[in-house]
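Quick look at what Swiss-Prot annotates:
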BINDING   Thr10, Gly11, Ser12, Ile13, Asn38, Asn124, Glu126, Gly205  NADPH binding site
BINDING   Lys125, Ser151, Glu152, Ser176, His199, Ser212, Asn217, Lys218, Glu221  1-deoxy-D-xylulose 5-phosphate binding site
BINDING   Asp150, Glu152, Glu221  Mn(2+) binding site
Amino acid sequence: MQAITLLGSTGSIGTQTLDLVAQYPERFRVVGLTSYSNVTLLAEQVWRFRPQIVAIGREELLPELRSLLTGMRPLPELVAGTEGLCQVAAHPAAQRVVTGIVGCAGLLPTLAAIRAGKDIALANKETLVAGGPVVLPLVREYGVKLIPVDSEHSAIFQCLQGVPPGSLRRILLTASGGAFRDWPAEKLDQVTLADALKHPNWVMGRKITIDSATLMNKGLEVIEAHWLFGLDYDRIEVLIHPQSIVHSLIELADTSVLAQLGWPDMHLPILYGLSWPERLATPWDPLDLVKLGSLTFKAPDHRKYPCLQLAYAAGQAGGTLPAVLNAANEAAVALFLQERIRFLDIPRLLEQVCERHQVIPAPSLEDILEVDAWARQQVELLAQQAPAQVLA
């Protein structure tokens with residue numbers, strides 16, 4: 001039986017992971033759970049899955065969590081704050097850690113898990129986008145395995161099983177195109193928050209749904225793929241694939257192309273991240289290609305998706321620039337979700353913050369954390385200035 005710790009148990013990845021734990025009780029048991037602030041749902045999960053250790057990110061919510069668990073015997077160890085998240089990530093009873101925390105907040109707990117020798121089912125792309133220069137050397141030092149959970153990287157990981165080293169020519173990441181794939185670029189200045197949250201294929205969290213609409217999600221995945229699979233950026237391409245059935249493809253040295261297909265449902269890549277190197281039988285409906293009829297692909301329109309080019313540029317520049325781009329994007333998307341800025345202000349803000357940054361070529365963890373905070377502050381400062389001067 002696999003003992004797992006789940007970081008970000010109340011989010012989209014976390015709740016779907018627990019669905020799978022409940023479906024396969026003979027295969028998985030929960031050792032630790034964490035949430036940033038959803039104390040009510042976290043308490044419900046603790047009552048159901050009986051972990052040994054639980055963390056709440058916001059320390060002031062710890063008394064409420066303790067109150068919601070009154071009468072539980074045995075009571076799990078309750079911890080809080082970033083230190084508490086890291087304690088859960090490194091707990092000695094866990095064999096595999098699922099990182100479902102959204103954003104750069106997942107970096108420190110993931111590092112704690114790696115240093116504790118845990119294999120990582122990685123659903124937090126920002127860990128590698130921002131922290132790749134620090135994370136990958138630690139992965140090699142501690143001999144742990146990174147098993148990608150993002151559907152695209154899981155697809156590539158699956159396609160690479162059994163492929164001889166040195167045979168990979170390029171990666172083709174697929175993207176749905178998000179909420180505005182059928183909108184002309186000229187109409188994007190009319191986008192509302194409600195429009196941007198209508199993803200055509202996937203059910204996801206709010207932040208990643210906006211990232212899908214801007215294609216920044218795919219840009220971050222390009223950077224993540226660079227770190228996971230060791231390819232230069234000119235060997236990582238993006239295709240718009242409206243049906244979201246082909247989750248990604250690889251091209252090999254002999255021009256053979258391998259692809260992984262499946263319904264647009266995160267349960268499958270999460271399950272593979274939990275069970276690898278095994279595959280578990282599922283009760284789900286099989287893919288029906290006859291019913292689907294056709295699968296289509298096209299190149300992304302860079303006028304419509306400037307964030308994709310910003311991500312490629314940041315990845316190629318390297319150093320601290322990907323961390324700056326990621327932090328600025330998190331801050332800008334948060335402002336858009338609060339309806340404090342417009343949709344097209346997101347790429348404008350990102351470009352301005354990146355232009356202001358002096359890149360540190362070989363950053364330490366401290367450098368990454370410092371530029372992360374700096375980029376968020378810059379977004380807030382720019383957004384507070386007159387839109388006509390700053391965002392036009």
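Keep in mind that glycine also has a Cβ here, set from the backbone N, Cα and C atoms.
Proximity note: of the listed binding-site residues (Asp150, Glu152, His199, Asn217), Asp150 have a CA within 10 Å of the CA of Asn124 (NADPH binding site), given in sequence order. A Cα-Cα distance of 17 Å separates Asp150 (Mn(2+) binding site) from Thr10 (NADPH binding site).
Taking only the Cα positions, the spacing between Glu221 (1-deoxy-D-xylulose 5-phosphate binding site) and Gly11 (NADPH binding site) is 19 angstrom. On the backbone, the CA of Lys125 (1-deoxy-D-xylulose 5-phosphate binding site) and the CA of Gly205 (NADPH binding site) stand 14 Å apart. In this structure the alpha carbons, written CA, of Asn217 (1-deoxy-D-xylulose 5-phosphate binding site) and Ile13 (NADPH binding site) are 15 Å apart.
Across the residues annotated as binding 1-deoxy-D-xylulose 5-phosphate (Lys125, Ser151, Glu152, Ser176, His199, Ser212, Asn217, Lys218, Glu221), the widest Cα-Cα separation comes to 20 Å. The Mn(2+) site, placed at the center of the C-beta atoms of Asp150, Glu152, Glu221, has further neighbours from the same chain whose C-beta lies within 8 angstroms: Lys125, Pro148, Ser151, His153, Ser154, Leu173, Asn217, Lys218, Glu224, Ala225, Ser248. Rounded to a whole number, the C-alpha distance linking Glu152 (1-deoxy-D-xylulose 5-phosphate binding site) with Ile13 (NADPH binding site) is 15 angstrom. The Cβ of Glu152 (1-deoxy-D-xylulose 5-phosphate binding site) has 27 other Cβ atoms within 10 Å, all protein chains considered.
The binding-site residues examined here are Gly11, Gly205; by Cβ neighbour count within 10 Å, the least packed of them is Gly205. Rounded to a whole value, the Cα-Cα separation of Asn38 (NADPH binding site) and His199 (1-deoxy-D-xylulose 5-phosphate binding site) is 24 Å. In this structure the residues listed as binding NADPH are Thr10, Gly11, Ser12, Ile13, Asn38, Asn124, Glu126, Gly205; their two most distant Cα atoms lie 21 Å apart. When the Cα atoms are compared, Ser12 (NADPH binding site) and His199 (1-deoxy-D-xylulose 5-phosphate binding site) turn out to be 15 Å apart.
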